[in-house]
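Student: Below is one structure. I have some questions about it.
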Amino acid sequence: MATLLSPVLRRLRGLRRLPGLPRLAAEMSLRARSDGAVAGPLYSHHIPTSPLQKALLAAGSAAMALYDPYRHDMVAVLGETTGHRTLKVLRDRMRRDPEGAQILQERPRISTSTLDLGKLQSLPEGSLGREYLRFLDVNRVSPDTRAPTRFVDDEELAYVIQRYREVHDMLHTLLGMPTNILGEIVVKWFEAVQTGLPMCILGALFGPIQLSAQSLQVLVSELIPWAVQNGRRAPCVLNLYYERRWEQSLKALREELGVTAPPVHIQGLA
């Protein structure tokens, strides 16, 4: 048992030490024959793990993510180790949609190396690209903070969850939500309805324990019903090729998806 736990615990403590990942992946691959993990890495950064190792990673990452919702590395691990069946459903939904199928075929990425920031800045006020860039600037966030997928034992599904992470800020822009705790919880409710990913459901249900009484009242009475309604009404947001919609007005995109304006302004709430 100690031999089985040790590589998992090392990953929980050191997920950000990227230079050591090839060696760690090799160690996991050597154990694959005896513990049921995939035989070897399937894509860049992949770390093969057995079902038991995934369960241990899921439990540890869930505890850390609940303790500190801003530990995006732990949230990422939780999503990868608990969402295999749901990712298959999302992948199949993308395959059946023309725009989603094109995304799966071309596999676009969202990062500062793929974004033309100058072009986004030159777009008209109110366009998706300009409003997305405004969201990044106002909230001081970067698309480069999304961790690479490591624990999904399927190369295509690994891309699906990577795509989900990279469009997360796009959903903030679409919903008009800031990155404070209340805004993140509202987005998680929308994502939970849209995707069914266990980590989204967990974040939606347990995230509110950190809110003030005032924010909790606003969340329960107004924002959760709004997020759930919009999540049910909108088509799958993973089927949107955002990079080809930069010039579309955000208002027109919201109308296309059936997304309404938030019922309250939450910038000052936490």
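Positions of Cβ are set from backbone N, Cα and C atoms, glycine also.
TrEMBL labels come from automatic prediction, so no person has curated them.
Checked TrEMBL, it gives:
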| type | residues | note |
| --- | --- | --- |
| BINDING | H168, D169, H172, E184 | Zn(2+) binding site |
Student: Return the residue, from the listed binding-site residues H168, H172, with the maximum count of other C-beta atoms within 10 angstroms of its C-beta.
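Tutor: Counting Cβ neighbours within 10 Å, the top one is H172.
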Student: List the same-chain residues at least 6 positions away in sequence whose Cβ sits under 8 Å from the Cβ of E184 (Zn(2+) binding site), in sequence order, or say none.
Tutor: P69, M177, G203, G207
Student: Which chain neighbours of the Zn(2+) site, leaving out H168, D169, H172, E184, have a Cβ atom within 8 Å of the mean position of the site's Cβ atoms?
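Tutor: Output for this site, in sequence order: V141, M170, L171, M177, T179, G183, V187.
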Student: To see if you understand the setup: which same-chain residues, six or more apart in sequence, place their Cβ under 8 Å from that of D169 (Zn(2+) binding site)?
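Tutor: Non-local contacts for D169 (Zn(2+) binding site): Y132, F135, L136, V141, P143.
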